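Among the features that TrEMBL reports, region 'Disordered' is placed at 1-32, 561-591. Taken from TrEMBL, the feature domain 'FCS-type' applies to 45-80. Marked as repeat 'MBT' by TrEMBL: 142-246, 254-350, 352-457, 465-561. The annotation compositional bias 'Low complexity' is assigned in TrEMBL to 563-574. Annotation source TrEMBL lists compositional bias 'Basic residues' at 575-591.
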C-alpha cells in the first residue's frame with residue numbers, strides 16, 4: 001500500500017574535592033556596611049565615587065559590578081523587568097515561588113527595606129516548596145503553530161541540533177510524509193484515527209492535514225511529531241484501531257479504501273520504530289545525586305562542587321554542594337563546557353573553591369568522567385599560546401559583545417584563562433576559562449574583517465580602536481592565527497530561522513529566538529520581542545540551542561516573546577535609550593581587507609577569507625589564514 005523508510009541512525013572513580021582548595025578572593029573592607037542579596041555582596045554609598053543604584057529594585061552597589069553599558073541596573077533580571085514594565089508581576093511571582101516572567105505592569109519604586117522584606121519572604125516560600133516543587137512546568141500561553149503561521153516564519157530543522165532528542169536520527173521526515181493521528185472531526189464516542197500528511201515542518205512540530213481535504217486547510221492542525229498519538233501508517237491495522245474519515249468529508253467518496261490505496265502508494269511514513277527511537281533519545285546518563293565540578297557563577301575564575309538535582313531534556317539543575325536550602329543553583333546542559341568531573345580543576349591547574357563539607361552526603365556520588373563532553377586534543381610541542389598574548393573573545397558576562405582580551409594563564413590540556421582588557425579585577429577573580437579550540441575566542445582582526453563591532457578596553461580613549469596601535473602601546477603581541485579553531489561544520493542554519501534558545505545570562509530561561517547573523521560557525525541569537533542589546537553570540541553546535549517544540553516535548557517552560565502591548569509601553573523609554581546609546585562609542589568604520597593588511601602586527605602579513613557570512617555555512621574550513629612569506 002505504501003513504501004516505508006528507515007530513519008538514519010547511527011568505570012572510573014575520581015578524587016574527592018575536599019583535598020582541593022584555592023586562595024579566596026579578598027573580602028570587602030569591614031568599615032563599609034553591606035547587605036547580601038541572593039548571595040551577592042553590595043555596599044551602601046560611603047561618600048566615594050563608583051557607586052550606583054538599581055533603577056528597578058533600588059539596590060545600591062559598586063557601579064562597575066552593575067549590568068549594561070549605562071550601569072542602570074544591578075542585574076540582567078532587573079534590566080529586563082524594567083524594560084518590559086514587569087515589576088509588579090516579577091515581585092508577585094517571586095512571593096508565590098514562581099519562576100520570573102517577562103510581562104507585567106510597573107509599580108512606583110519601593111524603599112529598599114520593602115525590597116529586602118519581599119526577598120526574605122520569597123526565600124522562605126522557596127524553602128517551604130523545595131520538597132514539592134516539580135521540575136516540569138506548563139508551556140501554556142504561547143503557541144508555536146500560530147506564531148509560525150501568522151508570520152510565515154521558518155524554523156531551524158531538528159538535524160541542526162545534534163545534542164537534542166532525535167537530532168542524529170531524524171531521517172527523511174519532511175513535507176508529504178503520512179502519519180496516523182486521532183480524528184477530532186468525529187462524533188463517535190470512542191477514539192478513532194485517520195491518516196494525515198505533513199504540510200509544514202517547524203522543528204518537532206508539524207502542520208497536518210487529513211487525507212481527503214486536498215487544498216482545504218480548514219481543519220489543519222499543529223502537533224508534535226514525537227507525540228504519543230502520532231503513528232506510522234499501518235499502526236492502526238496492527239493495533240486493531242479503526243480508521244474513520246472525518247465527518248466533514250465522509251460523503252466525499254464512496255470507496256475510502258480505494259482512495260487510500262491510491263493516495264498512499266509510494267508515499268513515505270514514519271519508521272516502525274520511530275516512537276522507540278524518540279524514547280531512547282530522551283534517556284540521559286546524568287542522574288540526580290551525581291557530583292560534578294561546575295563554574296562558580298559568582299566568581300568565573302574558579303569552579304565549585306555541585307550536585308545534580310534534576311534532569312530535564314538533558315539540561316541539569318545543579319545545586320552547589322554548600323547550599324543548605326537547595327536554592328543556590330545553576331542550570332546548564334550535560335554537554336556544557338562549564339561542567340567537569342570531580343578532580344578536573346586540580347588536574348589542569350584551575351582555581352577551585354574547596355567545599356566546607358568534609359565528606360560526601362549520603363547517596364551522592366562522583367559522576368564518571370566518560371560522561372562529560374570531550375575536548376579536542378591539542379599539540380603543545382610547537383608554537384603555542386603564551387601569557388600576555390592578545391586576542392578577541394566573547395565576554396561571558398555580556399554575550400552580545402566580542403572584546404579585546406588577554407591570555408592571563410596557560411593551563412594544562414589546552415585550557416586558557418582569559419581576561420577582558422580594561423575591566424579585570426586585580427586578583428583575577430573575573431578571569432574565565434576557554435579551551436584553545438573554543439569557538440568563543442578569535443584571532444586579532446576577526447571582528448574587523450567580519451564587520452562585527454569590537455568592544456575596546458574600558459577607559460581606552462584612543463578611538464577608533466586600532467589593533468596595531470594598541471599592541472604597540474601595550475608592548476604586546478597577538479596570538480598566532482594558526483592556533484585558533486578554524487573548523488566550520490555544515491550546520492544548516494540560515495538567517496531568520498526560529499528556535500528555542502537558553503538565555504545564558506539567566507540560564508534557567510529558554511526563550512523564543514531567531515538567528516539574525518551567521519559568521520562561519522558563529523550565530524547571533526536574538527530573543528524575540530527584546531532589544532538587540534540582549535542578543536547573544538553562540539556557537540552553531542552549542543548545547544544551549546534547541547529546535548522549535550523542544551520545551552513542549554520535554555516539559556520545560558518556554559518564555560514567549562514580549563507582547564505587542566509591552567513593546568508599545570516601552571516606546572518612551574526606548575527613545576531615551578537610543579539617545580543615550582548614540583552618545584556612546586559604537587565602533588569605528590570597517591576597513592577593507594587591504595587596509596587591514598597594511599596595519600597588522602609585527603610585520604606579519606595576514607589575509608582573511610570572509611566565509612559564509614549571514615548565509616548558511618557550506619562547511620568551508622578556512623575563514624582566516626596566515627600567509628607564510
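Cβ atoms are placed via backbone N, Cα and C, with glycine included.
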Taking the repeat 'MBT' (465-561) alone, what is its mean pLDDT?
96
Would you kindly check 142-246, 254-350, 352-457 and say which stretch has the most C-beta pairs under 8 angstroms to the repeat 'MBT' (465-561)?
142-246
Please count the residues of the repeat 'MBT' (142-246) that DSSP assigns to helix (H, G, I), strand (E, B) and coil.
16 helix, 30 strand, 59 coil
